[in-house]
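Taken verbatim from Swiss-Prot:
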- 26-46: transmembrane segment (TRANSMEM)
- 65-85: transmembrane segment (TRANSMEM)
- 112-132: transmembrane segment (TRANSMEM)
- 141-161: transmembrane segment (TRANSMEM)
- 224-244: transmembrane segment (TRANSMEM)
Amino acid sequence: MSIASIDRVAAQGRWRNRPLAEKCLIGLGFLALAVTVPPFPGAVLVTVAILAFTFLGARVPLRFWAAVAVLPLGFLTTGAAVLLIQIGPDGIGLAPQGPAKAAALVMRASAATCCLLFLATTTPAADLLSGLRRWRVPAELIEIALLTYRFVFILAEEAAAMTTAQRARLGHATRRRWLRSTAQVIAALLPRALDRARRLETGLAARNWQGEMRVLSTRPAASPLVLGLILTLQAAILAAGVLL
């Protein structure tokens, strides 16, 4: 799943025009809860709430979300499996408290991952950067982030074009050819990336770039009622996670 696909779904989604403050409060607020409240029931309640916002509120397609989540959740599962075993003088065995630690890790990290995926699939990067500008983040940092973000798309397009060309020439027919073709892509990607960066710099200079790239944003103001409801829900989950 490419970064461009995620940004496209966020730009075309149901919550595309929701105020940025509301989406950030949901994503970052629940993320803070996920890493602070006890894994059970706090992190579980965070996961349920953020998935409800994702699928029932924002209507993010389930199949697309699963395709995006499979890699981080798969990595999480592998990391949790390591906690189940230990290597000692007697060899490999089940670690004491291993299942409990693995379960706590899975619950807490899954909740945090779902929060970040909510923000990624509902908020385009341009909106996040324009929000940072309104929050008085230094313009230099915003411009570096914006140029880096756009350059990632350029690199992805270059790599995809090179891989497609290799497949058309049967460069992936066997495992040996695949390894050789992949090495060639990696070796050729850096010179192409530097060339594209040079052309990008020349284009910006030709347009009299003064160190700031403005992005048009017409987002409505956040509703105090909606913000209050979100905070109330988060406070309820915090209380449940601490008291239960």
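Cβ atoms are placed via backbone N, Cα and C, with glycine included.
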Q: Using a Cβ cut-off of under 8 Å, list the residues of the same chain at least 6 residues beyond the transmembrane segment (65-85) that approach it.
A: 1, 6, 54-55, 92-95, 98-99, 101-103, 105-106, 109-110, 113-114, 117, 120-121
**Q.** Tertiary contacts of the transmembrane segment (224-244), as residues 6+ beyond its ends and Cβ separation under 8 Å
**A.** 19, 21-22, 25-26, 29-30, 33, 37-38, 41-43, 45-46, 49
